[in-house]
Amino acid sequence: MRIAVLGTGYVGLSTGVCLSEVGHHVICIDVDQQKINRLRQGISPIYEPGLESLLLKNTAAGKLHFTTSHQEGLEKAEIIIIAVGTPQSNDGAADLSYLVQAAKDVSAHLKPDAIVVIKSTVPVGTNDYVRSIIANHTKKPFKMVSNPEFLRQGSAIKDTMKADRIIIGSEDNEAALKIQEMYRPLNVPVLMTNVKSAEMIKYASNAFLATKISFINEIANLCEAVGANIIDVANGMGKDKRIGEAFLQAGIGYGGSCFPKDVKALLHTAGQYGVDFSLLKETISINESQRQLLVKKALERFQQLKGKKFAMLGLSFKPDTDDMREAPSIVISRLLHQAGAEVIAYDPVATENAKKVIGNTIQYAESVEEAIKNADALLLVTEWEEFKKLDLAEVTKQMKQPIIFDGRNSLAEDKIRACSKIEYYPVGKPSIVIN
Ligand SMILES: NC(=O)c1ccc[n+]([C@@H]2O[C@H](COP(=O)([O-])OP(=O)(O)OC[C@H]3O[C@@H](n4cnc5c(N)ncnc54)[C@H](O)[C@@H]3O)[C@@H](O)[C@H]2O)c1
Ligand SMILES: O=c1ccn([C@@H]2O[C@H](COP(=O)(O)OP(=O)(O)O[C@H]3O[C@H](CO)[C@@H](O)[C@H](O)[C@H]3O)[C@@H](O)[C@H]2O)c(=O)[nH]1
């Protein structure tokens with residue numbers, strides 16, 4: 001099939017690359033000339049494991065192309081997948097301006113009878129809205145399908161190739177079957193539904209997962225208060241198949257380009273329809289306070305933070321990505337800077353992006369060694385594999401004081417206990433102090 005994808009962000013690029021990998025002819029369109037230039041040279045504009053090799057392979061095989069021209073990209077496409085951003089606007093609603101522009105671009109160059117697929121995360125009713133925009137701008141016939149995306153950053157290729165499910169929402173059976181056919185080589189379970197349910201499935205899934213994280217974070221806070229251990233508690237809960245083991249990792253809150261904005265957008269939709277979804281308000285408020293947890297713990301330990309030097313390990317919102325959107329490191333940096341502390345941060349891949357968001361309120365190191373030198377405390381913010389492998393006995397020797405606040409419970413207890421002198425403060429489980 002001949003497929004055009006609008007937007008070469010995480011979703012558009014992963015989708016385009018994977019659909020070409022399974023044999024389709026894909027052209028990816030982006031308005032960002034720099035991104036397209038890099039992609040044409042076989043360079044991925046985002047850090048995503050496995051993406052670049054598939055990009056090179058399928059470009060070389062002539063199945064994957066990149067352009068900034070909507071005309072070139074759209075004129076032959078039977079299927080047009082819209083994967084542009086839907087960021088948060090000031091009132092919490094999803095900002096649909098990129099989508100509206102994409103709809104206009106599509107209508108200008110649409111091949112008659114093409115199927116327009118909305119993959120971007122959009123509030124209930126948006127597919128109908130986009131349909132009306134396109135219909136107002138062209139007389140050519142077209143069909144629409146809602147096909148929300150569930151990939152995670154850091155495992156986008158694996159999640160696309162081996163998805164748990166594909167949701168196809170359409171009022172047009174023929175169009176729905178054609179999209180099912182497009183995905184057939186992936187051999188993934190497909191759920192057909194109407195458009196509004198498809199739109200809702202995406203928000204309900206993200207809001208549920210975010211709520212699961214806020215729930216386990218509150219349980220972790222309670223575990224600390226009563227002397228229980230969140231690792232054992234989550235493990236014991238997760239063994240119940242009705243609860244499930246995934247997304248029960250307590251820490252310093254959820255971040256990223258999706259959960260924060262999607263929970264707020266769903267809350268906004270609820271408000272528009274007069275539904276008081278107070279559970280979501282709590283999910284958000286618990287997450288906001290959880291992001292401050294390491295600073296609160298540091299304040300408890302040191303009484304005051306002015307002049308203290310903190311080594312911050314990890315900047316991206318999760319490992320295996322260089323994405324800084326809504327990363328807890330942003331809040332932590334701001335609070336420590338306001339308190340007059342010095343922060344020197346290291347991240348394996350996100351430093352350049354972090355500089356654009358956090359700026360010069362903190363310093364950036366090129367290695368763990370540089371960050372920890374003479375630090376009063378280490379804050380583990382993102383659980384990169386590199387940090388789990390650290391020789392903690394050596395790390396603590398390089399620091400001014402051997403104090404570690406582990407925001408992701410990611411350091412192994414035997415390594416901590418092997419240190420001759422350490423203060424280790426995790427989340428939701430007992431601290432370890434060796435004098
Ligand atoms: N990032 C994720 O992990 C993820 C996962 C599932 C769903 N989503 C949803 O998918 C959508 C895209 O997310 P993303 O993170 O890939 O976005 P992104 O912001 O990283 O990328 C969007 C791209 O679209 C391009 N673009 C904007 N307008 C365009 C137009 N008119 N024509 C062509 N290109 C255009 C931009 O230049 C940009 O490169 C959002 O709705 C998001 O909520 C994201
Ligand atoms: O047990 C957990 C699991 C995750 N997180 C945090 O939650 C955030 C989101 O993590 P994750 O879901 O792995 O990454 P995303 O790439 O943001 O993916 C989410 O958002 C995407 C965009 O909508 C969806 O497609 C995915 O299904 C959904 O998992 C990160 O800050 C994680 O640190 C926790 O704190 N505890």
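Here the Cβ of each residue, glycine as well, is placed from N, Cα and C on the backbone.
All TrEMBL annotations are machine predictions without curation.
Summary of the site annotation: TrEMBL records NAD(+) binding at Asp30, Lys35, Thr121, Lys261, Arg325. Screening the candidates Thr86, Thr160, Thr351, Thr361 against this entry identifies Thr86 as the one listed for that site. In the record from TrEMBL, residues Lys202, Phe247, Leu248, Gln249, Ala250, Gly251, Gly255 bind substrate; the candidate from Lys139, Lys140, Lys143, Lys318 listed for the same site is Lys318. When the recorded positions Leu248, Ala250, Cys258 are scored by other C-beta atoms within 10 Å, Ala250 scores highest. Cβ neighbour count for Asp30 (NAD(+) binding site): 23 (other Cβ atoms within 10 Å of its Cβ, all protein chains included). Secondary structure counts, DSSP: the domain 'UDP-glucose/GDP-mannose dehydrogenase C-terminal' (311-413) has 39 helix, 18 strand, 46 coil. For ligand 2, the nearby recorded positions are Gly255, Cys258; that is, of Lys35, Ala250, Gly255, Cys258, Lys261, these have a C-beta under 6 Å from one of its atoms.
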